[in-house]
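Here's what Swiss-Prot has on this protein:
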BINDING   Gly46, Glu47, Asn48, Gly49, Ala50, Gly51, Lys52, Ser53  ATP binding site
DOMAIN    14-249  domain 'ABC transporter 1'
DOMAIN    249-505  domain 'ABC transporter 2'
Amino acid sequence: MQQAIEQTSINGALRFNGIGKVFPGVKALSDISFEARPGSVHALMGENGAGKSTLLKILGGSYQPNSGTLQIGEQSYQFKSTAESIAAGVAVIHQELHLVPEMTVAENLLLGHMPNRFGLINRGAMYRRAGELLKGLADEIDPRTRLGDLSLGQRQLVEIAKAMSRNAHVIAFDEPTSSLSAREIDRLMAIIVRLRDEGRVILYVSHRMEEIFRVCDAVTVFKDGRFVKTFEQMADLDHDRLVTCMVGRDIQNIYNYRPRQHQGPSLRVTGLLGPGLHEPVSFAVEKGEVLGFFGLVGAGRTELFRLLSGLTRSTAGTLQLDGKPLTLKSPRDSIEAGILLCPEDRKKEGIVPLSSVAENINIGARPRHVNLGCLIQGRWERDNARSQIKSMNVKTPSPEQQIMFLSGGNQQKAILGRWLSMPMKVLLLDEPTRGIDVGAKSEIYEIIHNLAADGIAVIVVSSDLMEVMGISDRILVMSEGAITGELNRDEADESRLLQLALPRTRS
């Protein structure tokens, strides 16, 4: 029987009691039990695929558990829908925000609860109410603004204000800072502390260790869909202990760096200009070299990669590959030349979500085998997919599993497997480990170093200072669409890189 759920102002703890969830061929969660206290920020940690997001979807009513119950205060629940979860005082703020870009901020905030008069929406009252909800949270946002015109950080604040409008006692954040600037992250941290101090239960999922130690009061660790341990006091934890608990092994050197012999010139860029580049860009990378690009948001690194992969057209400059002139008019030109891109936004640009893992791996490889005949082509694709899944250690119940159900780390490894099916000379990796857990990061770093050892020129864009210093042979720094410095591995440190990355005063 479906239980009646009413709007609650319960101020009790959130308890998960024996939660289990099974998908076809996969046991996503097994007997999860722990408690998150009011007035605390409780982190959920674990490798990709550990079950954190599945648990939040059960909390939010998107998934129904096969076993177990939720408890808020003294009331037990088994949510059958998101509406039931919301009515119980729960708000889940997902990585992909559930807002309508074409509507105004006010319409998004009050969707389903708009004030009306004589059967018509009372827009004056709607804007006033929206302004009240934004006050102290995002005072600079005009409720009349179209939501799609806001920055991602501002949209996230609107999502939080929406949760507040429903008097949410339990608020869960799923990777909330993955695409935010440093200033937006600072603002979000302050808001989370404020929500905690108001006595709410805050669940926080992030792969960024510095955020966990900055804002969280307790940590629960998951592995392979199972509860591992809850640390009730952050004083009991340090970075190494938490990583070991998450991955089940001690990772001494996550970056796996080892010196390599470079094998001669690969790609040379001279005087390149195009959208997002404000000064001519020139650099060269050698075969077997890992070249890092560091910079702050808006530095022009992603725009440079779009030019090098043929996604946008240059307005000036020349390219040489293996000493020969190269002209890129389209992504096909780049792929045929052996310059392959793993994009920053893998969900939108890197994968076909509704297609299988095998189909995603074989997308790039098909043009080389169109004349094999249907039977041989099909056999080759099956064998290639299985081979890449094995070599990349992609965790999937089957090659036919839709790739959208894989963790971020496994999606990234599948994309790398796609390019390994093709002739490759230069690999462009744009934020390759964003939103990926420590264990999967270590695997991707190992793949990068193995490719370099095979003579591939690997160019990595990363906003993670430790990462770019840890894996690169040489680092170029960009700021405001220009290269501002070059450092060899042994001379790079955080201070020098940040100084080069800061915007310059233009005359």
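In case you wondered, yes, glycine gets a Cβ from its N, Cα and C as well.
If you take the C-beta of Gly49 (ATP binding site) and look for same-chain residues 6 or more apart in sequence within under 8 angstroms, you find Asp224, Lys395, Leu406, Ser407, Gly409, Asn410. Counting every protein chain shown, the number of other Cβ atoms lying within 10 Å of the Cβ of Gly46 (ATP binding site) is 26. Sequence-distant neighbours of Lys52 (ATP binding site) (same chain, six or more apart, CB under 8 Å from its CB) are Leu44, Met45, Gly46, Asp174, Val205, Phe222, listed in sequence order. Listed in sequence order, Lys223, Met246, Val247, Ser407, Gly409, Asp437, Val438, Gly439, Ala440 are the same-chain residues six or more apart from Glu47 (ATP binding site) with CB atoms under 8 A from its CB.
Less than 8 angstroms from the CB of Ser53 (ATP binding site) sit Asp174, Val205, each of them six or more residues away in the same chain.
Sequence-distant neighbours of Gly51 (ATP binding site) (same chain, 6+ apart, CB under 8 A from its CB) are Lys21, Ala28, Leu29, Ile32, Phe222, Asp224, Gly225, Arg226. Ala50 (ATP binding site) is surrounded by 25 other CB atoms, counting those within 10 A of its CB over all protein chains shown.
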